[in-house]
Amino acid sequence: MTQTYSTELRTASLAVQRACLITKTVLAAHDKGSTAKDDASPVTIADFAAQAVLIAALRRRFPADAFIGEEAAATLRADRALADRVWELVRASESESESESKTLASVEEMLDVIDVGVDAEAEAETEAESGSGRRRRRRRTWIMDPIDGTATFIRGQQYAVSVALVEDGEQVVGVVGCPNVVFGGTTVREDEVDRDGCGMMLSAVKGQGTSMRPLARTGLLLPAEPLPLPLHAKGTGNTDVDSGGLRFAESMASPFISASKHLAVRGRLGISEERVTDLWSMQIKYAALALGACDVMIRIPKEREFHPYVWDHAGGMLVYEEAGGKITDLRGKRFDFGRGRKLSENVGLVAAPPEIHSRVLDIAREVFDAV
């Protein structure tokens, strides 16, 4: 019998929604001048508070699972005033209508929960079997990014809160909260921000498709609806696609990609600059692909041995795949999320509709391999 993961999906969705509301609260205070404009702590407190509520909610329901998160509590332990600010934010986010939000009892418990995400046991997703060279997997692991896109977050642009459940190296549940993306919109851009609502959430379960819902201002989840497949990904099988009409999701300011090789790939595909949407957050780029606002994304690393952190891709990758997209690395391999905190078994990335993926992959691989 196929597992539905309904409890995991609901718990993760509630946790992501609460974390998104925390980030919106911090942004609102920052915009009103409640914090000094040169003070980096708005990002810091939002990051820590979001990770605390994510892990606390998931750990309460699934205590045997492991966790991988970006943040460690050392900074807060060294600065009690900052820790108290984070704690106030966490407490203020508790919902009277959702008992699941009441998961932390003290500052000390909050700090311990944050550190669960960087626990040495959670870092190692695999371990060697004694007497053999094979690897065996550890228990289920939740991977999260409390704020993906901190640079754009503080500017009030696009950012995401993401969670994914991984089993045997594969994502089985993914939730991506996009607090500044307009629900029902047709484009995703840094300067097109949801100022009237709370943004939207995308969620997926392996083999069950992708759904979307508006984020609510309360602790309750609003109804989800299936994400319509973009026209280019409805399985027509047509490989004779005008590549010049494709829309690229990019982040050309990233220090980790080879901008010149990205330009070379786009040039060979005939992609004009007008067809490029620059988005800083990786998770937001996956959301743009899933929503049909963009068609293709590549990642050609500047350093050949560069491997990104798992939390930059977990969740959003599954959301796009379940929306009809195809993703491999530059060698055509699927991504292995069971190797710890980095995607150490994969190099680069190509995300595109199935009917054109191989064409984009061939070009990207040739450009990557060229001296």
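Glycine is no exception: its Cβ is also placed from the backbone N, Cα and C atoms.
In three-state terms derived from DSSP, Asp312 (Mg(2+) binding site) belongs to a helical segment. The Mg(2+) binding site feature in TrEMBL is assigned to Glu70, Asp145, Ile147, Asp148, Asp312.
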In three-state terms from DSSP, label Ile147 (Mg(2+) binding site) for me.
strand
Hey, for the Mg(2+) site built from Glu70, Asp145, Ile147, Asp148, Asp312, who else sits with CB inside 8 A of the CB center?
Met144, Pro146, Gly149, Thr150, Ala160, Ser162, Ser281, Met282, Gln283, Tyr309, Trp311
Enter the number of other CB atoms within 10 angstroms of the CB of Ile147 (Mg(2+) binding site).
30
Sequence-distant neighbours of Glu70 (Mg(2+) binding site) in its chain (C-beta under 8 A, six or more apart)
Asp47, Gln51, Gly117, Met144, Asp145, Pro146, Tyr309, Trp311
